[in-house]
Amino acid sequence: MRILITNDDGINAPGLDVLHTIATDIAGPGGEVWTVAPAFEQSGVGHCISYTHPTMISEFGPRRFAAEGSPADCVLAGLHDVLKDTPPDLILSGVNKGNNSAENTLYSGTIGAAIEAAIQGLPSIALSQYYGPGNISLDNPFEAASAHGADVIRKILAAPGAFESHPYKLFYNVNFPPVAAADVKGIRAVGQGFREGGTGMGMRADMAPNGRKFLWITGSPQNVPSGADTDATVNIDGYISVTPMRADLTAYDQLQSLKDAIE
């Protein structure tokens, strides 16, 4: 199997090393793992692409490239430049430092890479490691992802219709709980949640000595449940969450009532 990996934390992020080890296990003997990751951190850029300027790319070593762009740019670079003659069988994004559960999904460059891979017609899985009191002080906070990542991916790949034919192909969002590997309770297939109290994203203003105003993004505590049988809730409870997703944003539950109202 040929696997392309990327992330949003950058080419030198520890989570990318974790993902490379996982991908090497999945690829198997004779398989290939290729890396095209951002040259600089791209957290929070979502599914953006750099269409207003070129993306510079450099080779960092065998099958290892850094692109000066977003995670979605890296997927495009991997598919249409680095591996243009030998496309990958699977694209993996992560392992993100921090969760991409609930509303975080919508901001995530890790998820953005998986979205672009799916739009390009390839199977893709995003992986993120929740941070919390149960793992932040471990020697390896990515311990849960390291120990369970390959098993989760194999289970997804083996699921019936995992990447069925559809104009908007499925991709998967995997979040590992903020606990030691031995304390992981299992795997749960759940929906995307919304944290109690809503998103904590906001802005804080600072004034520079020259009178210019600077606005800084602010966040909120992450160990907050996201509703019953949803990602952040089961993560906090010690379970790995797996959420099937599509980039189709249509609110189908409202489509017929809108048709009735305006047509």
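In case you wondered, yes, glycine gets a Cβ from its N, Cα and C as well.
A strand conformation is recorded for N96 (divalent metal cation binding site) in the three-state DSSP classification. The feature divalent metal cation binding site is assigned by Swiss-Prot to D8, D9, S43, N96.
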Among all the protein chains here, how many other CB atoms are within 10 A of the CB of S43 (divalent metal cation binding site)?
18
Name the residue among the binding-site residues D8, D9 whose Cβ has the smallest number of other Cβ atoms within 10 Å.
D9
Cβ-centroid neighbours of divalent metal cation site D8, D9, S43, N96, 8 Å, sequence order:
N7, G10, A13, G15, E41, Q42, G44, P71, G94, K97, G98, S108, G109, T110
Return the count of C-beta atoms lying within 10 angstroms of the C-beta of N96 (divalent metal cation binding site), excluding that atom itself.
31
